Amino acid sequence: MEALKKLAGVTAAQYVTDGMTIGLGTGSTAYYFVEEIGRRIKEEGLQVVGVTTSSVTTKQAEGLGIPLTSIDDIDCIDLTVDGADEVDKAFNGIKGGGAALLMEKIVATPTKEYIWVVDESKLVDHLGAFKLPVEVVQYGADRLFRVFERAGYKPSFRMKGDKRLITDMQNFIIDLDLGCIENPFDFGRLLDQTVGVVEHGLFNGMVDKVIVAGQAGVTVLEANQST
C-alpha cells in the first residue's frame, strides 16, 4: 500500500513547474508529493513556493527546504495536491482523516488546479463508509454532539489518547458515522448552515484531477470528463 501511495504522490509532482505557487497537502499520500517536491528542489533546482495545509506539513516542508508563504499573502495558488479518504464517481470526496480539513479547504478554494492523490481503495460508489469529519468550535460542542445524535448521525468526538483532539485551529472534530450519504451537496449545505460547525469534510465539486495508484499502475481521472 505504501508503494502505491508513493507512486501517486510522485506522479502528481510531475505537474509542478518552475515559478508555481503550490498547495502542499496533508496525509499519508500527500506526504510523498511533498517529499518529491523537496527532492526536485534539491536535485533539479526547482523554483516554487509552497502553502501548507497543516502544522505537520509545515514541519515536513521546512525540513526539506521548500520555501513557504502564507495563504494571507497570496491571491491564488497554481496547483494543490492533497489526499482524500473517499472519492465517489461524481468526484465528490471526504477528507479530514488527518484532522486538517479546515486548512485544506481554505487552501483548495483559491487553487487553479486541484489534484487528489489516492490509492484505488479510496474509490467508492457512494460516500459515507468513511466517517465524515466535522470541525466544530469548542464552545457548545457537547450540545452540537447531542443534536447530531438525535438526528441519527452516530457522532463521536475525535480523540488523541484519552482527550479530545484539538485541531491546528483550536477546534474539536466530531466524526459522523453515516454509512451512506445519498446527496453530498444537500448534506454539505445542511452542515454549512449549522451554528457551531466551522467546516466539514465534504469536498464537493472541487477537484480537477484524481491520480489513482493501483496494482496495474497509475490512472489519472479528469473530473470534467465525468458523466
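Heads up, the Cβ atoms here are built off N, Cα and C, so glycines get one too.
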(message) Quick check: of K59, K122, K154, which does Swiss-Prot put in the same substrate site as T26, G27, S28, T29, D82, G83, A84, D85, K95, G96, G97, G98?
(response) K122
(request) Between the Cα atoms of T26 (substrate binding site) and E104 (active site, proton acceptor), find the distance and write it as a whole number of Å. (result) 8
(message) So if I measure Cβ to Cβ from D82 (substrate binding site) and keep only same-chain residues at least 6 apart in sequence, which ones fall under 8 Å?
(response) G23, G25, T26, G27, A30, T53, K95, E104, A108, Y114, I115, W116, V117
(message) With the cut-off set at 10 Å between Cβ atoms, which of these binding-site residues ends up with the most neighbours? Options: K95, K122.
(response) K95
(message) Quick check: which same-chain residues outside T26, G27, S28, T29, D82, G83, A84, D85, K95, G96, G97, G98, K122 lie with their CB within 8 A of the centre of the substrate site CB atoms?
(response) G25, A30
